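What follows is one structure encoded as structure tokens, with my remarks underneath.
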Amino acid sequence: MSKRNTLWSWFWMILGGLYFFLPLLATFEFSLKARKGVYSFLAYERVFADPLFLRTFIFSLEMAVFTALAGILLIFPTVYWIRLKLPQLRGLIEFVSMLPFVVPAIVLVFGLIRVFSGAPFFLTNTFTGTNVLLVAAYVVLTMPYLYRSIDTGLQAIDVRTLTEAAQSLGAGWGTILFRVILPNVRVSILSGSFLAVATVMGEFTIASFLVGIRAFGPYMSLVGQNKTYESSSLAIISFALTWAFIGLIQLLNRGRVQTQIAGAH
Amino acid sequence: MASVTYDHVWKKFGDFVALNDLNIHIEDKEFLVLVGPSGCGKTTALRCLAGLEEVTDGQVKIGDRVVNDVPPKDRDIAMVFQSYALYPHMTVFDNMAFGLKLRKVPKQEIQRRVEEAAAILGIEHLLKRKPRELSGGQRQRVAVGRAIVREPKVFLFDEPLSNLDAKLRVQTRAEISKLHQRLQTTFIYVTHDQVEAMTMATRIAVMNKGILQQLDTPQNLYDKPANLFVAGFIGSPSMNFFPAHLRKDGNDLFVDTGDFAVKIPEDRVKTYAPFAGREVIFGIRPEDIHNPQFAPPGIHAASVECKVDVTELMGNEIFLYMVSGKHNFVARVDPRTRFHIGDKVQLVFNMDNFHLFDPASDRENPVAIR
């Protein structure tokens, strides 16, 4: 590559970096100005001292974990079965998995409330019922991430041969699914799960309609409306959390290089 | 240990018939090789026995037990796959022990059996490794080991040598034969490689288009192919075929190809006399065509004039690609032969080892006249 091209590469990289990091740095700098005239972590202290912060954070984290678990239990066996027995349906399932990107969250949540708040479900009448509905909605919302990562993981192994080998070795379907296939797509499932968790943690629309201020997203929005410096510090905390999740995915991916043994072409 | 029977087995995938009324009885401790070109149904037959495919009609028996509706895990068979199908996340030991753990075999017994199998296959030092750390040959051994430890009634091999290089394939071929001698269990082996079939099998089932063409010992398949397909499939290079007319001349019978005519030896005239005056297909193997200078003594030799098109020196033999009129054929001759491209030469056909096929019996796959 010529020297001129290298310079241009650096120029575009620095420009992109500035575009991304400058607002973040400005927000961080602003979040440190809660005490007049000096930089301090006062806004962060106030956020952490607010009991609502911890309560909403834990609530959303719980919902996120349930969402990831429910999503895995629903999507992993489905994708496996489609790859094994109904490969002709893959196109259709891929299309369906993309629907949450197309259907706005507001439409989804109104639909859910309309269907499940009345007879025979009455789910919105209790906290537990609403939480169940929230998790169900989040499973739909995060389906594209989980579906994509699990499908990619299964693509990297020879599902059919591994299954047949296990069958002839005396394994039942449960053993095949959880002791043969799952360990080979663990990294993909974890990646998808982290993406799902990160999405749920910051989700606003569905949470505000179903559980309101009990969830982290609506809490962040409320703080943003009322408290100037705290909202900036919350934005930085959210960023840090998301990056921590991405870092974890990277760490897991680096630790386990998936190699394809079965079906070595 | 057990016998295996395919009793009028049909397998259809929609309109496609993969197995067409398959009937094979495999004796206990036999080494049967299913051989044929791609798509002939050999792997489907194996998968039906393993329980990985359901048969459309007919019965599959292991011993006296009909296993049509028995799940794969309860058939007491062990299968070695073409791609080995080792579990990437398990060590070699765990891969080999997997089937035994599922059967809840005691730990000590698992240890004993895995170590014993590893010793037979010479992979004791690999037990702690993961499959990705093994070479192709080592993976193949682990796959065989995983089958051995189960002590099954029947071993199934689905083209297990296809992913190995040529040298390793020859070596492993011999090892699998030895393993059969040692384990004294029924082996059913699928391959498209007729050399593997000929060298390992006690009997070979040749298949084409879902139909069993011939089931016989390797030598009989080579010497007495039942039809044109088997004759062409078994042997390398393939048998030469010439459309011909069977001409009677006094008491003698001649195979007349239009470009050359060869006399049928007297002791075989009686067999072919009823076909005199009819169209036949004349078949002769390349190894039964000789340079007259080095032809074995005492054979019924028929001389044929032809032109050398291509020569291939193999070291221990020479392949001659010959032209006689509109016919092309291959001869496998003595390495001392000194023919050059374009030479017009005389070769001799060993008429003790020719084959005639009757096109009227089956236009697509004429049956051998015996």
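Using N, Cα and C of the backbone, Cβ positions are placed for all residues, glycine too.
Keep in mind that TrEMBL annotations are predicted by a computer and have not been checked by a curator.
Taken from TrEMBL, the feature transmembrane segment covers A:7-32 (among others).
If one looks beyond the transmembrane segment (A:52-80) by at least 6 residues along the same chain, the residues whose Cβ comes under 8 Å of a Cβ in the stretch are 93, 131, 134-136, 138-139, 142-143, 146-147, 150-151, 154, 159, 177, 181-182, 185, 189, 192-193, 196-197, 200-201, 207, 211, 213-219. The transmembrane segment annotation in TrEMBL covers A:52-80 (among others).
What TrEMBL records for A:53-247 is domain 'ABC transmembrane type-1'.
Among the features that TrEMBL reports, transmembrane segment is placed at A:92-113 (among others).
What TrEMBL records for A:119-141 (among others) is transmembrane segment.
According to TrEMBL, the transmembrane segment annotation covers A:189-213 (among others).
What TrEMBL lists as transmembrane segment is A:233-252 (among others).
Remote same-chain partners of the transmembrane segment (A:189-213), defined as residues 6 or more beyond its termini with a Cβ less than 8 Å from a stretch Cβ, comprise 52, 56, 59-61, 63-65, 67-68, 71-72, 76, 105-106, 108-110, 112-113, 124, 130-131, 133-134, 137-138, 141-142, 145-150, 153, 182, 219-222, 238, 241-242, 245-246, 248-249, 252-253.
Counted over residue pairs 6 or more apart, the CB atoms of the transmembrane segment (A:233-252) and the transmembrane segment (A:7-32) come under 8 Å in at least three pairs, which marks the two as touching.
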